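Asker: Sending over a structure as structure tokens; questions will come in a sec.
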Amino acid sequence: MPIVAHNDLPTFARLREEGQQILDPDFALHQDIRELHIGLLNMMPDAALAATERQFFRLIGESNQIAQFYVHPFTLKELERGPEARAHVERYYQSFDQIRADGLDALIITGANVTGPDLALEPFWEPLIEVVDWAYDNVCSTLCSCLATHAVMQFRYGERRRRLPAKRWGVFPHRVLARTHPLVADVNTCFDVPHSRFNDISHAQFVGAGLHVLVESEEAGVHLAVSPDGFRQVFFQGHPEYDTISLLKEYKREVGRFAAGARSDYPPFPDNYFGLQTRAILNEHRECVIRALDQGRKPPELPERLIAAALHNTWHDTAEGVIGNWMGLIYQITHHDRRQTFMAGIDPNDPLGLCCG
């Protein structure tokens, strides 16, 4: 939580210059401290529905040990669901109508599976636009993850994602470009982020649309950017919410697709994820799978537990820090009535007072 500058100590001014959140006493006195209500628009397919819930709930819950968070999951009825996932949604999720009536302080929008290159033809397209447009006028800040970033960049900023020559898949080093922005204050200036995508929006596209790039990788491209006002829309291209084993699960799925004939090539390793010994084990497993298929036998199971024990997580702490900063900033400027966007005196075009709107 931020420090209140209750006197003229020069350290307060110095910390402000470094990007630290320092509150003026008058501002602090008018804050209405209460619980925060965060919406989670979960558009992930059935197999990843509950895992995605856990990943984002975990990040939110770990971001601050003092504040109280109510997370409200919902989805779009236009997304096709199987019986089990549909029952889960009907029992535990709220409707968008209920979300809209009650209001939110913040909104997170997940990625989704797509059936073709044109996002505008996907069943979620129009209802997603409705949610995002409502959130822009009624929610303090919206965080878009991966494909949601690409969709919002297309319909709100006119920037279409571009197909990559090969899937950007693995764990990549990143650096903070805007060190004084409050979203990345006091996090590591260099850190890792997982990526898993076939498409990209470039640095030039973000900047050309008036957005601000905060975190980037030479190998993986832009990870974190914000809307022209500096805060009301936050964009991830990577997956900082991923569990340690998330990429392993994806690799296992792709091996299964190869074994079932759904893909013609054996999947490559995610970049910078498996160690030397693990790669040796998986190379041996690949030979066994191919040999079994050639002989008409059932392929051996991937030794998932053995592999998982050797994996390292090099991104979660920084992800927790960024989400913690995001939640803290929302706490400072959101209205005490969650059906309204900002507390009195906040400029919607520059809510953090960064003069970047």
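Glycine is no exception: its Cβ is also placed from the backbone N, Cα and C atoms.
Below, the features straight out of Swiss-Prot:
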- CYS146: active site, acyl-thioester intermediate (ACT_SITE)
- HIS239: active site, proton acceptor (ACT_SITE)
- GLU241: active site (ACT_SITE)
- LYS167, SER196, ARG253: substrate binding site (BINDING)
- ASN113: site 'Important for acyl-CoA specificity' (SITE)
- LEU147: site 'Important for acyl-CoA specificity' (SITE)
Asker: Same chain only, sequence gap of 6 or more: which residues have a CB within under 8 Å of the CB of ASN113 (site 'Important for acyl-CoA specificity')?
Answerer: MET44, PRO45
Asker: Within the chain of LEU147 (site 'Important for acyl-CoA specificity'), which residues six or more apart in sequence place their C-beta under 8 angstroms from its C-beta?
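Answerer: Non-local contacts for LEU147 (site 'Important for acyl-CoA specificity'): MET43, GLY111, ALA112, VAL114, LEU119, ARG197.
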Asker: Of CYS146, HIS239, GLU241, which active-site residues come within 10 Å of SER196 (substrate binding site), going by C-alpha to C-alpha distance?
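Answerer: Taking CYS146, HIS239, GLU241 one by one, the ones whose Cα falls within 10 Å of SER196 (substrate binding site) are CYS146, HIS239.
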Asker: Report the residues of the chain - excluding LYS167, SER196, ARG253 - with C-beta within 8 Å of the mean position of the site's C-beta atoms, for the recorded substrate site, in sequence order.
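Answerer: So the additional residues around the site are TRP169, LEU247, GLU250, TYR251, GLU254, PRO270.
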Asker: Provide, as an integer number of angstrom, the distance between the C-alpha atoms of the residue listed as 'active site' and LYS167 (substrate binding site).
Answerer: 19
Asker: List nothing but the largest Cα to Cα distance in Å, as a whole number, among the residues LYS167, SER196, ARG253 that the record says bind substrate.
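Answerer: Greatest Cα-Cα span of the listed binding residues: 15 Å.
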Asker: Look at each of the recorded positions, LYS167, HIS239, ARG253, and point out the one with the fewest other Cβ atoms around it within 10 Å.
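Answerer: Each of the recorded positions LYS167, HIS239, ARG253 was scored by Cβ atoms within 10 Å; lowest is ARG253.
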Asker: Are there recorded positions among LYS167, HIS239, ARG253 that sit within 10 Å of CYS146 (active site, acyl-thioester intermediate), Cα to Cα? If so, list them; otherwise say none.
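Answerer: Cα within 10 Å of CYS146 (active site, acyl-thioester intermediate): HIS239.
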